[in-house]
Amino acid sequence: MKTVKIGLLGLGNIGTGTYKTLELNRDEIESTLKAKVDIVRILERDVDRDRGIHVPPEKFTSDPDSIFTDPDIDIVIELLGGIEPATSFMLSAMENGKHVVTANKAAVAANYPRIMETAEKNGVMFKYEASVGGGIPILTSIDGPLRANKFHEVLGILNGTTNYIMTMMTKEGLDYNTALKEAQAKGFAEADPTADVEGIDAANKLSILMALMFDQYVHPEDIPTTGISAITKEDIESARADSCVIKLIAKASKNDDGSLNYEVRPMRLKESHPLASINMEFNAVFVEGNAVGELMFYGKGAGPLPTGSAVMGDVMEIVRRVL
């Protein structure tokens, strides 16, 4: 039986979730692929951290080039987060003939054209399903079963932190600061929540969705973006009086002339709208295609295991298609 060898960049929360997903479901994964799958080397400085998994110490390395230049490694999984050095590492892996999988929306959104060009130039696959919506298979669906459609519009609740906060403000009557503190206490929000609450994370994901759906790249910094930090209890009550709820929505639509409209901001949704019922840390993406009509994808948009599931799904797709 063939062995597919993987180099993993980063063993933080998502890296650990990916490692756990492989160990939990190894029998199913290897039976499906008719191949063994082995993470043979891991780039990680904090080797002593308790992650609840057993990793043989000889797998750890502090030298990224030892992964990129190893002729036995087939796939590199990048889970470092941030734009750099993650982007440079992904490009180096591709230039050394490695297929690449990532969950890194910031790096993908900031460098989408360059990454795609490098993958094509080097004849390798680049998979990034986990960068949008965690375990929700939205990108795979757009690029697979829905590829025959002309897309008109996409609306998404793309950030679990802000959706949790808005849910607590709406359902429990909390003010913004109290809801944020509760989200932080439960692990849904970072100590510095800026990227989430100011809409930056959602803009990154919308940039990726637009590039795939409309074949037009818009840098996330060029997407008009407003977060939720200015939303008050009075705003919530005013919306409720009109039978609406407020959600942080990432929205893009294509005009008849081919141009795009796009934005990320808090929006009022009628209580009857499908996205209005998406609460707590859940995400949802609502798309409209000219053939398929309206579809909604729903699930946990973050977390180590849901995201690790999407990462391993991308690995399996590469093995099926080219290895």
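Here the Cβ of each residue, glycine as well, is placed from N, Cα and C on the backbone.
Annotated active site, proton donor per TrEMBL: LYS205, in sequence order. The 10 Å shell around the Cβ of LYS205 (active site, proton donor) contains 27 further Cβ atoms across the protein chains shown.
The annotation NADP(+) binding site is assigned in TrEMBL to GLY10, LEU11, GLY12, ASN13, ILE14, GLY15. Under DSSP, ILE14 (NADP(+) binding site) is assigned to a helix (H, G or I) in the three-state scheme. Shown in sequence order, LEU79, GLY81, ALA103, ALA130, PRO304, THR307, GLY308, VAL311 are the residues of the chain, 6+ apart in sequence, with a C-beta less than 8 angstroms from the C-beta of ILE14 (NADP(+) binding site).
The number of other CB atoms found within 10 A of the CB of LYS105 (NADPH binding site), across every protein chain shown, is 24. As annotated by TrEMBL, NADPH binding site applies to LYS105.
In the three-state DSSP reading, GLU190 (L-homoserine binding site) counts as coil. Just so you know, the Cβ of GLU190 (L-homoserine binding site) picks up 13 other Cβ atoms within 10 Å once every protein chain is counted. As annotated by TrEMBL, L-homoserine binding site applies to GLU190.
Confidence in the domain 'Aspartate/homoserine dehydrogenase NAD-binding' (10-129), given as mean pLDDT, stands at 97. Here TrEMBL flags 10-129 as domain 'Aspartate/homoserine dehydrogenase NAD-binding'.
What TrEMBL lists as domain 'Homoserine dehydrogenase catalytic' is 137-316.
Comparing the Cα of LYS105 (NADPH binding site) with the Cα of every entry in LEU11, ASN13, LYS205, these being the recorded positions, the smallest distance points to LYS205. The local packing around GLY10 (NADP(+) binding site), expressed as other Cβ atoms within 10 Å of its Cβ over all shown chains, amounts to 23. A simple Cβ count within 10 Å picks out one of the binding-site residues LEU11, GLY12, GLY15 as the most packed, and that one is GLY15. Within 8 A of the CB centroid of the NADP(+) site residues GLY10, LEU11, GLY12, ASN13, ILE14, GLY15, the other residues of that chain are THR16, GLY17, THR18, LEU79, LEU80, GLY81, PRO304.
Cβ neighbour count for ASN13 (NADP(+) binding site): 18 (other Cβ atoms within 10 Å of its Cβ, all protein chains included). GLU190 (L-homoserine binding site) sits 13 Å from ASN13 (NADP(+) binding site), taking the C-alpha atoms as the reference points.
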